[in-house]
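Remarks on the structure that follows.
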Amino acid sequence: MAKKSIADVDVAGKTVLMRVDFNVPLDDAGKVTDARRVEMALPSIKSVIDRGGRVILMSHLGRPEPGADNSKYSLKPAAEALAGLLSKPVAFATDTVGSDAVAKAGALTDGDVLVLENLRFEKGEKKGDAEFAGKLAALADIYCNDAFGTCHRTDASMVAVPEAMGDKPKVVGYLVDKEIKYLTDAIKSPQRPFVAILGGAKVSDKIMVIKNLLGICDKVLIGGAMAYTFSLAEGGKVGGSLVEKDKVDLAKELIAAGGDKLVLPVDTHCGDDFKSSCNKVVVKAGEIPDGFEGLDIGPETAKMYAELVKNAKTVVWNGPMGVFEMPPFDEGTKAVAQAIADSDSISIIGGGDSAAAVAQLGFADQVSHVSTGGGASLAMLEGQKFAAVELLDEK
Ligand SMILES: Nc1ncnc2c1ncn2[C@@H]1O[C@H](COP(=O)(O)OP(=O)(O)OP(=O)(O)O)[C@@H](O)[C@H]1O
Ligand SMILES: O=C(O)[C@H](O)COP(=O)(O)O
């Protein structure tokens, strides 16, 4: 059954406590360097203020230690970015449930927006503490979850706060609604061929995703450092590549279970140092010489993956094909991004790095959906259900 949405509730004169994911990157001067997560929350925020409601926004940023000097994790820069995007003042409380938050929440008038300080400054947030949650819930009449990037977490603001709202409405925001719809449709009724591309640093992060996708997809293409653990499992030579030796048996199981659905690189672009300026060589997969490490898929693999993507009707991509931050080891990632942009498939990009690669290359408009969630989109691809969404009101 569908969840009740922010559009379904009367918000005029009411205060909406909205959990957003403003976990955005900041530069050394404390300025937001990529405001996409703030921009993606605008439809829900505007929907409330345009209808005469008041909004209290709460989020985490980074992984601060409660009680430590956490000034670099303040949400103030995100509140400023939001004010710019809304072209109106946005109030900021220097705490979450303390006197400043309570006073500023009480002073809101219709159409106003208040951002609370980082929820993770309070130890109750990660602990899912009921007392902390009760104080947050007391600030508002309606709870809205529009924090897709955090939906796989059970932090207080995601679960204990809506629970503490009692009979008050608990609804989903536009972003969470849209993200869940895209990812659910892709998994439940994909147009075929359905190709998944998984890369990034560690196999251990993506084992469950690979397992689940092997049961759903027509092909699962592996890239990134993950590929070398699979190469080891096949008895290949991996030189100094990043591998997880304790995952080799698991990689063997996945290779056996995957059959020809699981596609591994056929060649590797290697370097003799973790630097752009290193000596480089392209070798067949499993033949990486000592003194070299695999830093990207090779050109033959890039061509093969691009061809498979070109013929796909649904593509899901999570994780770069190589060290894309360090040219020329961005070539494999670029080739995959280009192939996705050129294909007329339904394409879903998840994971901060893949989304950044697509944006950097200017392809963001050519893919169907760029998820704001890294861990959350992976959790969906694993087939997980989110407690933070399950407990919201049904339509
Ligand atoms: N061959 C390689 N050797 C070393 N590092 C690699 C290699 N290939 C990719 N990486 C690194 O993996 C990192 C991305 O891995 P990660 O698993 O975090 O990807 P992601 O799922 O896109 O990111 P996130 O989960 O943070 O949104 C990048 O920093 C990239 O440089
Ligand atoms: O960036 C993310 O994936 C989300 O904001 C969740 O952050 P977390 O992994 O620190 O819970």
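From the backbone N, Cα and C atoms, a Cβ is placed for every residue, glycine too.
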Record-annotated ATP site (TrEMBL): member among Lys206, Lys211, Lys219, Lys245 besides Gly294, Glu325, Gly351, Gly352, Asp353, Ser354: Lys206
Record-annotated substrate site (TrEMBL): member among Arg36, Arg37 besides Asp21, Phe22, Asn23, His60, Leu61, Gly62, Arg63, Arg120, Arg153: Arg37
Site extent for (2R)-3-phosphoglycerate, whole Å (max Cα pair distance, Arg37, Arg120, Arg153): 18
His60 (substrate binding site) and Arg153 ((2R)-3-phosphoglycerate binding site), Cα-Cα, nearest whole angstrom: 11
Contacting binding-site residues, sequence order - Asp21, Asn23, Arg120, Ser354 vs ligand 2, Cβ under 6 Å: Asp21, Asn23
Largest tally of Cβ atoms lying within 10 Å of a Cβ, found at which of the binding-site residues Asn23, Ser354: Ser354
Additional residues surrounding substrate, by Cβ distance to the Asp21, Phe22, Asn23, Arg37, His60, Leu61, Gly62, Arg63, Arg120, Arg153 centre under 8 Å: Ser59, Asn118, Leu119, Gly149, Thr150
Minimum Cα separation from Asn23 (substrate binding site), reported as the residue among binding-site residues Lys206, Glu325, Gly351, Ser354 that achieves it: Gly351
Close-lying binding-site residues around ligand 1 among Asn23, Arg153, Gly351, Asp353, Ser354, where CB distance stays under 6 Å: Gly351, Asp353, Ser354
